[in-house]
Amino acid sequence: MSDKPNLEEVASFDKTKLKKTETQEKNPLPTKETIEQEKQAS
């Protein structure tokens with residue numbers, strides 16, 4: 001491995017080979033209602 005990037009590889013990279021994926025949030029932020037409920041519960 002060399003420190004310099006191989007620009008030929010980057011230039012010849014075919015974006016159409018990439019699969020389109022659906023992003024799914026693993027850790028969605030809690031809503032304000034959820035936060036209030038947790039504050040009142042403790």
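Placement of Cβ uses the backbone N, Cα and C atoms for every residue, glycine included.
Per Swiss-Prot, the features are as follows:
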- 1-25: compositional bias 'Basic and acidic residues' (COMPBIAS)
- 33-42: compositional bias 'Basic and acidic residues' (COMPBIAS)
- S2: N-acetylserine (MOD_RES)
- 1-42: region 'Disordered' (REGION)
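In terms of DSSP secondary structure, the compositional bias 'Basic and acidic residues' (33-42) contains 9 helix, 0 strand, 1 coil. Residue counts for the compositional bias 'Basic and acidic residues' (1-25) under DSSP, helix first, then strand, then coil, are 8 helix, 0 strand, 17 coil.
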